[in-house]
Amino acid sequence: MAKGEGAEQYTNTSLLQKPSPDEVKLAKHETKSRLSVCSKLCYAIGGAPYQITGCAIGFFLQIYLLDVALLDPFYASIILFVGRAWDAVTDPTVGFLVSRTPWTRFGRMMPWIVLSTPFAVLCYFLIWYVPSVDQGKVVWYLIFYCCFQTLQTCFHVPYSALTMFISTEQKERDSATAYRMTVEVLGTLIGTAIQGQIVGMANAPCISTEIDLNSTGLEVAPDVNITDPHVSLQDLRNAYMIASGVICAIYVVCAVVLFLGVKEQKDTCRVRTEPMSFFQGICMVMGHGPYAKLVMGFLFTSLAFMLLEGNFALFCIYNLGFRNDFQNVLLVIMLSATLAIPFWQWFLTKFGKKTAVYIGTTSVVPFLISVVLVPSSLAVTYIASFAAGVSVAAAFLLPWSMLPDVVDDFKVQNPESQGHEAIFYSFYVFFTKFASGVSLGVSTLSLDFAGYVTRGCTQPGEVKLTLKILVSAAPIVLIIIGLLIFISYPINEEKRQGNRKLLNEQRENEMDSETDSTELNVV
């Protein structure tokens, strides 16, 4: 037989066969649900503000409150914990309100995103302003931190739930999620670069104390000039305000691009059920086994990365001695994470999302061990930071890639209960933000108990030991707990594809029913 002869015969035979009605419907459905690259990019850009501001707050707010606003560590821990706890409470509340929002000409999610943006930008800017009245600093930061978190929640919860309304196809949603995660990690890179580099150019000198004496009684840092530290401190405060102004401008631009470039699609699968109460929503989402296991697993792994994020700047300054380089180390982590997102998207497509969780999360452990055990070396720290960024990328991508699978599983098991996507997303954000509040509050309070010295050139041994625990031992334990929970997570690739097929059948049946009803009304 000549080469290609059999293939030609097979092709001719295939062309004579008519596709089945189901194949025709599926092809039309997939074509209609396909997203353009432009739409995916505009959708992805909308996720940047949350990550840019979150990265700036996560990496720099703790050190800002301690060494720039000059707050006592105890009050700083209260601000960080109350702000994140309040933020966590607002997530399910906003999710509940979004789920009851009627459909408008702009959709159900877009009005929340647009209206919250200008007020969120104002509150974010005021977080990085130091009021002149010392007695009112704590109240100032509490008010504007909580207000910003509330307004950002009004942006982020609808934006997260928008994933379910940009397309009905899992493949398209996963692709859009990959675009989004790439831009969001790029957003953390931008946030780290803007905040770190602008602030890094205006470093205020540290203050020598009695613990800065070596065994001979001489100061370790005798060249530090503290005759008038207020001048340099004011420059540092101005640098924080400049950085916040730049971030506010980016926030507004991203919101405009999202609004103009993304069209929210109305789900045609089923008519939405009657709105449920807030506590009914809690029972509904937590009563769905796959969702509860997914959230609990990522709760512990996210807490590990949040502990690392919140304390790594202090660890670089006081344990590793990189006071003038810590912002560059953070930048390397975020740059590596940005570059690794396409790899993890390919990996989860090739080997499955559950496998990606195990490989991606555990890859950070060697970094956590090396930064504590290996003697301080800037070159080694850069290499380890680049390797850690690969794991950070997985931590960004996987939760948002797996949440739509859980929502789809709920729809398959509860076909009569629809329109609750925002509740699922908001409760996930609630748990992760609550974990973030706990991590920041506990870590800052631990530093207070250990004897943290505000703007000190060095710190007591107890503080350095506490920082080692917060960036190494504690995250490793939390990662292990999270991975043990993921063992019982039931949605594998086979289950996911089965749910996809069932949902497509539901949508096709619903569209057929609507078509039949229309024809009967015409007759």
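For all residues, glycine too, the Cβ spot is worked out from N, Cα and C.
Listed features, source Swiss-Prot:
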type: TOPO_DOM; residues: 1-34; note: topological domain 'Cytoplasmic'
type: TRANSMEM; residues: 35-64; note: transmembrane segment
type: TOPO_DOM; residues: 65-75; note: topological domain 'Extracellular'
type: TRANSMEM; residues: 76-96; note: transmembrane segment
type: TOPO_DOM; residues: 97-108; note: topological domain 'Cytoplasmic'
type: TRANSMEM; residues: 109-128; note: transmembrane segment
type: TOPO_DOM; residues: 129-138; note: topological domain 'Extracellular'
type: TRANSMEM; residues: 139-163; note: transmembrane segment
type: TOPO_DOM; residues: 164-170; note: topological domain 'Cytoplasmic'
type: TRANSMEM; residues: 171-202; note: transmembrane segment
type: TOPO_DOM; residues: 203-226; note: topological domain 'Extracellular'
type: DISULFID; residues: CYS206-CYS457; note: disulfide bond
type: CARBOHYD; residues: ASN214; note: N-linked glycosylation site
type: CARBOHYD; residues: ASN225; note: N-linked glycosylation site
type: TRANSMEM; residues: 227-260; note: transmembrane segment
type: TOPO_DOM; residues: 261-290; note: topological domain 'Cytoplasmic'
type: TRANSMEM; residues: 291-317; note: transmembrane segment
type: TOPO_DOM; residues: 318-328; note: topological domain 'Extracellular'
type: TRANSMEM; residues: 329-347; note: transmembrane segment
type: TOPO_DOM; residues: 348-351; note: topological domain 'Cytoplasmic'
type: TRANSMEM; residues: 352-373; note: transmembrane segment
type: TRANSMEM; residues: 377-413; note: transmembrane segment
type: TOPO_DOM; residues: 414-423; note: topological domain 'Cytoplasmic'
type: TRANSMEM; residues: 424-450; note: transmembrane segment
type: TOPO_DOM; residues: 451-462; note: topological domain 'Extracellular'
type: TRANSMEM; residues: 463-486; note: transmembrane segment
type: TOPO_DOM; residues: 487-523; note: topological domain 'Cytoplasmic'
type: REGION; residues: 504-523; note: region 'Disordered'
Which residues of the same chain, at least 6 past either end of the transmembrane segment (227-260), have a Cβ under 8 Å from a Cβ in it? 42-43, 45-46, 48-49, 52-53, 56, 60, 64, 68, 106, 110, 113-114, 117-118, 120-121, 124-125, 127-130, 155, 159, 190-191, 194-195, 198-199, 201-205, 207, 455
The correct DSSP tally for the topological domain 'Cytoplasmic' (348-351) reads 4 helix, 0 strand, 0 coil
Would you mind listing the long-range same-chain contacts of the transmembrane segment (109-128), meaning Cβ under 8 Å and 6+ residues beyond its ends? 46, 53, 57, 61, 64, 94, 98, 101, 140-141, 144-145, 147-148, 151-152, 154-155, 157-159, 161-162, 165, 240-241, 243-245, 247-248, 251-252, 255, 258-259, 264, 422
The recorded stretch from 171-202, 329-347, 377-413, 424-450, 463-486 sharing the largest number of CB pairs under 8 A with the transmembrane segment (291-317) is 463-486
Based on Cβ pairs under 8 Å, which of the stretches 35-64, 171-202, 352-373 lies most in contact with the transmembrane segment (76-96)? 35-64
Do any residues, 6 or more residues outside the transmembrane segment (463-486), come within under 8 Å Cβ-to-Cβ of it, and if so which ones? 293, 296-301, 303-305, 307-308, 310-312, 314-315, 318-319, 354, 357-358, 361-362, 364-365, 368-369, 371-372, 443, 446-447, 450-453
Write out how many residues of the topological domain 'Cytoplasmic' (97-108) are helix, how many strand and how many coil, based on DSSP. 3 helix, 2 strand, 7 coil
Most Cβ pairs under 8 Å with the transmembrane segment (139-163), selected from 35-64, 171-202, 329-347, 377-413: 35-64
The number of other Cβ atoms within 10 Å of the Cβ of CYS457 (disulfide bond), counted over all protein chains shown, is 20
